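Positions annotated as domain 'F-box' by TrEMBL: 83-129. What TrEMBL records for 159-213, 484-506 is region 'Disordered'. Taken from TrEMBL, the feature repeat 'WD' covers 270-316, 317-356, 357-396, 428-455, 512-535, 536-575, 576-608. As annotated by TrEMBL, compositional bias 'Polar residues' applies to 491-506.
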Amino acid sequence: SQSTSRKLCIRHQRIADEGTNLKLQRALDELPLEERESINAIWASFSSSPHPRRELILRGILTMCCFSQLSLLTDALGHLIRIDPFVIFPREVSLRVLAYLDATSLCRAAQVSRHWKALADDDLLWREICEQHIGTKCNKCGWGLPILERRRLAVPLSPSSLSPIPGPTPGTRSSSNGKRKQDDSGVISAPKRHHSEPSPPVTSSAHLDLLPLPAPTPTPALIGSLPPSSPSPLPLPVEEALTRPWKHVYSERLKIERNWRRGRCSVRTLKGHTNGIMCLQFSETLPHLPFPVLITGSYDRTARVWNLETGEEIRCLRGHTRALRTLQFDEAKLITGSMDHTIRIWNWRTGECIRTLEGHTEGVICLNFDSDFLASGGVDATVKVWNFRTGECFTLRGHRDWVNTVLLWDSNSGTPASVSEMSSQHVPPGKMLFSASDDCTVRLWDLSLRTCVRLFSGHMGQVQGLKLLSLDGGHDGEDAKLHRLGDDSSTHPAESRTTACQPQSPREPQLLLVSGSLDNTVKLWDIDSCKVVRTLFGHIEGVWAVACDQMRLVSGSHDRTIKVWSRDDGRCVSTLVGHTGAVTCLALGEDKIVSGSDDGDVRVWSFS
């Protein structure tokens, strides 16, 4: 081969690299001298011709070829005109090109060759895809994947620390290589938009041994004194963080989302209550605990604490003299409401009743609290608001029948109230409360004014459940339209689109109010106009409970079923059947639904 100083095009550079000219020269050397001179003359004439003359020569040669020569040309051209761009491009340019592909296209690209696989499996590419889909809905394909918050925030505990927990753990550690930390079972946490990486989880204990509480958030004016926590921190085991590629993180969460869409789940039944379940709540991210906690309340007058991971009952709280109708808990306390007209505040880790609140003249049906206020509604058709900081209680009147649900809402949470406003009114401006009643209405109250400011009318039956639903604000331009995907079980989140999911310019999210009623419907309301945005039909009997998150909406009904709804278009994605009584309460997690029923059973529907 002859060296040349001029720059070769891609095609001739590849010929030089493959030694094609050397092979031709060897074949030419085997011919007689006259034939060599003739062939060289033809090649030289073609090489010196301009492009139009070359095309003319080739067309003439093609007319002279028989099928055997045309077949030879077809085989040769199939190889010659195929160019692998990623062999030519620098790695940085190749990754930039692949960044425009969706997850399905990247997986197909990884099957082309080993070189393509090394590029298509690049960790940064899959990290960007995770950030576009996990914890939010992609505005191109309409798919969103669960964060799996418990796997992100689980606290590593040594076996010796499963007895009384003295206090909070040190801060989490970060991974320097852009990968997620892996737990003992090979599970990786999900991205949450540039948050610090979590510490790896460990296996949980089956027991909860009288764990002392951390210091409570609210001042003890209303709650009373809670057991102080020890100042000594919990030692963390020193170990090297394990990591796993972001592609595996995406794949793990994609499987869960597919299970949600197909209605594919495993079911566990927790038995312990002797009468119907009326209320429940679970949390998978409580600090200082290595396992998720579920608390249920029943007509049997008890509240029971469960290890949601193992299904074992940890503790039974007794004290109410009539049916327990409502509850809510956080890391420090459990608050329950009962038909015995009282509200009780518990240290749920020890089973101690800290305080009993009396104010309702009849049974307490619902309650909701935040860091500053506790709201409750009852059979007496009133709503009472209790101030944790001052101990003050005031009453809101307006409903004409039982108050079934109350829901606190900070309408201007981005603008905190000043100290003067707090001290003069005890309620910051913008503090609102929703209440739903058997009078078939929903009311919105301004707690700083103590008046009803909006009335939602439209249900034909008693309103039993309320939730706030945050919709993505959409995006400017034509790309704001979501690409709807069907229910085909073989459909991948990106299979029916030709362009990659690219982030757009977001707008402010919109809040909707979700209500479930005994008129068999679930309604979505615009809060500003008090008008119905959408009505979900599907249950054949009344709806007792609703729940929603960033991905979906679920409802439990007297017809003994649970329905999973698409947030975008209101379609019923799946129906879960198994309870033998009315589904009276439910809670929604990223990979599970927990439901309670009149049949006395608690069911855990796991999609992971």
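The backbone N, Cα and C atoms fix where each Cβ goes, and this holds for glycine too.
Whatever TrEMBL says is automated annotation, not expert-curated.
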So which of 270-316, 317-356, 357-396 has the most C-beta pairs under 8 Å when paired with the repeat 'WD' (576-608)?
270-316
Could you count the residues of the repeat 'WD' (270-316) that DSSP puts in helix, in strand and in coil?
0 helix, 25 strand, 22 coil
Grab the same-chain neighbours of the repeat 'WD' (512-535) for me: Cβ-Cβ under 8 Å, and only residues 6 or more beyond its ends, written as numbers and ranges.
434, 436, 440, 442, 444, 454-471, 541-546, 548, 553, 555, 557-558, 565, 570
Give the nonlocal contacts of the repeat 'WD' (428-455) in its own chain as ranges (CB under 8 Å, at least six residues past its ends).
373, 375, 377, 381, 383, 385, 394, 396, 398-413, 415-417, 421-422, 461-466, 513, 515, 517, 519, 525, 527, 530
Any residues 6+ beyond the ends of the repeat 'WD' (536-575) with a Cβ under 8 Å from its own?
135-137, 142, 144, 146, 257, 260-263, 461-462, 464-467, 469-471, 482, 484, 487, 514-524, 581-588, 590, 593, 595, 597, 605
Count up the helix, strand and coil residues in the repeat 'WD' (512-535) according to DSSP, in that order.
0 helix, 16 strand, 8 coil
Across the repeat 'WD' (357-396), DSSP yields 0 helix, 24 strand, 16 coil
Arithmetic mean of per-residue pLDDT over the repeat 'WD' (357-396):
95
